[in-house]
Amino acid sequence: MPAAAPRPALFLDRDGVVNVNHGYVHRAGDTQFMPGIFELCRNAQAAGCALVVVTNQAGIARGYYNTAQYHAYSGWLRGTLAAQGVLLDGIYHCPHHPESGVGAWRRACACRKPAPGMILQAAHDLRLDLARSAVLGDSLSDIEAGRRAGARLLMMLRADTSARPAPPADVQTVRDLAGARAALQPWFAQQNRARHSG
């Protein structure tokens, strides 16, 4: 039986896209989900897209929480999303920081965004087609990571779309996740057609 064709993915930043960025969130009690995240993810799944979270976690490097606490929180996050019908295919994190960190966590690396390492690793692990994939983030480093990885569609969540610095011209900017979901509908439809024509 031939191997399944690589799938497109929707890559999501975590803090500021999946959950409200309160700063180094690592406890369930501190978590507030972004309005519209469940609907957006369910739409992506219905189109046959993988869902992958890629997140810089410098709080580990800075000693605010440890890897065990991070993984426990990620497990809770997966379970909470699953209860809403959202099944994550992967959560990838970078625990490093090049300047502010303790021990081995303080170093330059290939995984911290804007480097594309997490996206490339996910593509390898999960057999993803980056040329058909989309990246949704709330910072220019998210966008640059997607660009370097070769993602097809780059989208930036920014409540103030006139804020500076402005993203590059090829980046779609949306005010909220409802706007992201609307803007991604043509991409979802295209992935659905490709899936059913194969």
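Placed from the backbone N, Cα and C atoms, the Cβ positions cover glycine too.
The Mg(2+) site recorded in TrEMBL includes D13, D15, and the single candidate from D89, D125, D129, D138 that the record places there is D138. Closest by Cα distance to C109 (Zn(2+) binding site), from the recorded positions D13, D15, T55, D138, is T55. When the recorded positions D13, D15, T55, D138 are compared by Cα distance to C111 (Zn(2+) binding site), the shortest distance belongs to T55. Cβ atoms within 8 Å of the centroid of the Cβ atoms of C94, H96, C109, C111 (the Zn(2+) site) belong to the same-chain residues N56, P95, A110, R112, A115, G117, M118, site residues excluded. Sequence-distant contacts (6 or more apart, same chain, Cβ under 8 Å) of T55 (site 'Stabilizes the phosphoryl group') comprise D13, R14, D15, I91, Y92, H93, C94, M118. Neighbouring residues of the recorded Mg(2+) site, listed in sequence order and excluding D13, D15, D138, comprise R14, G16, V17, V18, N21, T55, G137, S139, D142, L157 (Cβ within 8 Å of the Cβ centroid).
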